[in-house]
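Visitor: Please read through the structure below; I'll follow up with questions.
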Amino acid sequence: MKFSSANKILFSGLVASANAYDLLKDYAGDLKIGVAANAMRFSNSNYVNAMKAFNMMVAENDCKLSGIQQQKGVYNFNGCDNHYNKAKELGMEFRGHCLIWHSYQPSWFQNADANTLKNAIVDHITKTLQHYEGKIKVWDVVNEAIDDNSNGNGWNMRRSFLYNKVPNFVDLAFQTARKVSPNTKLFYNDYNAEGVYAKAESIYNFVSDLKKRNIPIDGVGLQYHVGAKEQPSYNKINDLIGRYCKLGLEVHITELDVKLQGDQNGQSQAFSNALKACLANSCCKAFLVWGVGDNDSWLGANEQALLFNGSYQPKPVYNTLLNILKTSARPASSSAKTLPGNSKSKTLPGVNSKTLPGNKSKTLPGASKTLPGNKSKTLPGGNSNTLPGNKSKTLPGGNSKTLPGNKSRTLPGGNSKTLPGGKSRTLPGGNSKTLPGGKSKTLPGGNSKTLPGGKSKTLPGGNSKTLPGGSSKTLPGGKSKTLPGGNSKTLPGGSSKTLPGGKSKTLPGGSSKTLPGGKSKTLPGGNSKTLPGGNSKTLPGGSSKTLPGGKSKTLPGGNSKTLPGGSSKTLPGGKSKTLPGGNSKTLPGGNSKTLPGGKSKTLPGGNSKTLPGGSSKTLPGGKSKTLPGGSSKTLPGGKSKTLPGGNSKTLPGGNSKTLPGGSSKTLPGGKSKTLPGGSSKTLPGGKSKTLPGGNSKTLPGGKSKTLPGGNSKTLPGGKSKTLPGGNSKTLPGGKSKTLPGGNSKTLPGGSSKTLPGGKSKTLPGGNSKTLPGGKSKTLPGGNTKTLPGGACKPTTVTVTQKVTVTVTVESQPTQGGMNQGGGNCAAKWGQCGGNGFNGPTCCQNGSRCQFVNEWYSQCL
């Protein structure tokens, strides 16, 4: 039965009256709006009717390993198949949940030895994905692998039997799934991921790391179990989803429920914020609630956490979500929605089309708005606004606005505005504005503005007012011809402004400004600025500024005021020749300024002040040579050599050598050598060597060596060595060594602060604090505090798998319960019991351990 083109559900009781409601799926647009189902309730017609409001289904339990393989090697897909078949019967897409999880597992799986467990993970993923190949498009591959006590600084892995026996089980699971089913979307799914707790940031860090290491992950599932009085703000969840989008990941809200907690407005706000944030981010493709009616919720009926009541009738919060979808849903990718009246609308994927009565609108991807009596056809990416009586055709990327009586045709990327009586045709990427009586033709990428009686022809190119790629402004009687190129006012790529009597010819990519009587020829190139009496030779991409008597030589690379890619401004009598390059006022792409009597020659390159990638400023008597990527500033009498990417500043009498990416500042008498990425500051008498990525600051008499990514600060007499990713702070007499890893003050992933005489070594993920004289070692994710005199012996653990991983550590952290509310108790929503569970059985303050089933108890 249909009402106003939308499906409605009728509930009939013992009385004649009936309640009808619109279905969420009919207004969801391109969003999958789903529900978790339990096959045991499929015989209840009211339950099934309520499910018809959704267009996606996920099974609560029957598609988990425990529902498919209760006995080792014996696969029974009947339960999962029942859910899948019901979804197909109701026209719903089916979402797979979940392949690997530490909880709710049969004893044979949980108690297996490391090698058996590894093989079982591979076998289960392989056989399950093969069974549903071409049927289930999305699977949660790994569920809830991050520890509840993760504080947002890096992440801590949950110390489950999976991690303890197969530490790389997450990588193994995703790699196996991709190999078996290349076209299936692979998700990581977790709770407390929506931003209420710090764990959400740790989950983001963990997923980001998977992406950086090229682990084949396609999306992240935010479970979103919250309460009316404990929920993320809209800005928080919107920002979080947006950051996942920037990682190139798809986002699903997978298990949404909101405990009422006596606050109906708060519950409505939590549901609303989640849906609005999902709709606001194009990568958020699915929005699922965890259960149909309140009686079905794993939280219990008293929490009233779902969209339907115990009789499977929609609650007010259902209508709240429905109204949001009706007003804010993104358009469906392959369907069209037509408003009542005489309108016709055909919309291709990704297109927004709004047509008022009496109009016709056909829109390819893009946006089209047509007022009564008008016709508008917009190809992909184009925006068209047409007033009555006009016709407008816009190809992809073009914007066209036409006033009465005019005609405007815009090809892709072009913008065209035509006043009465004027004609304007713009090819792709060009912008054209024509006043009455003027004619303007713009080729792609160009911008053209012509005053009455003037003529302007623009060839293809960069950003230009006259010709494509170039910018040209011509006064009456002036002529301007521009060739294709970079950023220019006159010719493509170049910029030229010519006053009467002046001549200016600019080749592509350069910018030239010439005063009357002056001549300027600019070849494409860099940036050059030379003061009188100075000699400057700049190679491509470099920048050089030389005061009288100074010399500067720049190799190819970064930003340069002198060589190609620069700009040249020449006063009468001055000459400037610039070879091809980057952005420039004089030569294409470069910037060059030459005062009378000065000469400047610039070779092709990028944008640099001294040499490619480097910056050099030299006062009289100083010499400076900079290799690409580095920046060097030398005062009189000082010498400075910088390799690519390094920053070096040397005061008189100091020597400084900086490799790419490093920064070095040396005071008189000090020596400093910095490798790429590191930063080093050395006071008199101190020595500092920094490898790539590290930051090192050393006071007099101290020594500091920092490997990539590490930060080290050493006071006099202290020594500090930091490997990549770690942060180390050592007071006088202390020693600190940091291995690579996560976020840590001492070693990557760990945090270490050492007072004088103390030693601390931390492996990734661990947190360690050591007082003077004490020794402490921490494995990833563990927390340990050692008082003076304590020590641990190093232990070597070797795990042999498809790839052999060897980890050397100094101690093994412990995990276990503490008194009620303690830091090692399970966090809210965490597991606190169940058959075979060996984790903490107490809950942190504000929650209690509640029995869910024989396999699972949770802190609520």
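Each residue's number is its place along the chain shown, starting with 1.
Just so you know, glycine gets a Cβ as well, placed from its N, Cα and C.
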Visitor: Which of Cys245, Cys278 is the other half of the disulfide bond that Swiss-Prot records for Cys284?
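Guide: Out of the candidates Cys245, Cys278, the one Swiss-Prot links to Cys284 is Cys278.
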Visitor: Can you grab the distance from Asn845 (N-linked glycosylation site) over to Cys284 (disulfide bond)? Cα atoms, rounded to a whole Å.
Guide: 33
Visitor: Of all the recorded positions given, namely Cys278, Cys284, Asn309, which is spatially nearest to Asn295 (N-linked glycosylation site) at the Cα level?
Guide: Asn309
Visitor: Determine the minimum-neighbour residue: among Asn295, Asn309, Asn845, listed as glycosylation sites, which Cβ has the fewest other Cβ atoms within 10 angstroms?
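Guide: Ranked by other Cβ atoms within 10 Å, the glycosylation sites Asn295, Asn309, Asn845 bottom out at Asn845.
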Visitor: Including all protein chains displayed, how many Cβ atoms other than that of Cys278 (disulfide bond) lie within 10 Å of its Cβ?
Guide: 26
Visitor: Once the chains shown are all counted, how many other Cβ atoms turn up within 10 Å of the Cβ of Cys284 (disulfide bond)?
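Guide: Neighbour count, Cβ to Cβ under the 10 Å cut-off: 26.
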Visitor: Quick one: average pLDDT across the repeat '42' (735-742), no decimals.
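Guide: Here the mean pLDDT over the repeat '42' (735-742) amounts to 39.
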Visitor: Taking only the Cα atoms, work out how far Asn309 (N-linked glycosylation site) lies from Cys284 (disulfide bond), in Å, as a whole number.
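Guide: Pair distance, Cα basis, whole Å: 27 Å.
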Visitor: Where does Asn845 (N-linked glycosylation site) sit in the DSSP three-state scheme?
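Guide: It is coil.
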Visitor: For Asn309 (N-linked glycosylation site), what is the secondary structure state per DSSP, taken as helix, strand or coil?
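Guide: For Asn309 (N-linked glycosylation site) - judged by DSSP and reduced to three states - the answer is coil.
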